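Chemist: Not my notes, these are from TrEMBL:
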TRANSMEM  27-44  transmembrane segment
TRANSMEM  56-74  transmembrane segment
TRANSMEM  86-107  transmembrane segment
TRANSMEM  119-139  transmembrane segment
Amino acid sequence: MPAGAVIGTIEWTVPYLCYRYKGLRSYMVAITVCVTILASLLLWKLPQSATGAKLFAVFILAAYGGGYAVLMSLQIANTAGYTKRSVGSSGMFVGYCLGNFMGPLVFLQSEKPYYTTGWIVTIATSAVCVVLALVYRFVCARDNKMRDQNGVSEAFEHAYDDDLTDRTNPQFRYTL
């Protein structure tokens, strides 16, 4: 129950902070995944006798859940065009499901109690996620700046009539 309370609090707090303060979404995704990396390192490298620290790591391990909620909203906000948005959301969900399917398969029974392969894969994929979240923010900010410099202001005229994608609509601005 304590792990559920901690993760539930994170999953409510992170999206609220992103709603309250603009421009935090990609940063919050990166931060929550960094918490998961920290928990993974603690669970992997601490001695078996460090039960209190390992219990703390278990409590914060699923912190990425708050970032995942923000990531789903970021994908919806930054994709224009009905078909493109549907395919993007479906693709993210399929990727999430594949990760949940493959994750347990890398924790090899022969490596217990340390499960080196599993923790290396978890930390490596999480680190890639952090880098991609920050690169994505940089690319979106750069595209917004280029669109602003081209002299076309952000607007929502005919947003639902035209069904233009984010790439083809010069008035579209990415949410950061």
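Here the Cβ of each residue, glycine as well, is placed from N, Cα and C on the backbone.
Can you tell me where each of these features sits in this structure?
Modeler: Nonlocal intrachain contacts for the transmembrane segment (56-74), taken as residues 6+ away from its ends with a CB within less than 8 angstroms of a stretch CB, comprise 2-3, 6-7, 10-15, 18, 25-26, 28-33, 35-36, 38-40, 42-43, 46, 89, 92, 96, 126, 129, 133, 175.
Same-chain neighbours of the transmembrane segment (86-107): 68, 71-72, 75-76, 79, 115, 117-118, 121-122, 125, counting only residues six or more beyond its ends whose CB sits under 8 Å from a CB of the stretch.
If you look at the transmembrane segment (119-139), the same-chain residues 6 or more away from its ends with a CB under 8 A from one of its CBs are 25-27, 29-30, 33-34, 36-37, 40-41, 43-44, 64, 67, 71, 99, 103, 106, 176.
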Chemist: Given a Cβ distance threshold of under 8 angstroms, which distant residues of the chain, six or more beyond its ends, lie next to the transmembrane segment (27-44)?
Modeler: 10, 14, 17-18, 53-54, 56-58, 60-67, 70-71, 74, 114-116, 119, 122-123, 126-127, 129-130, 133-134, 137
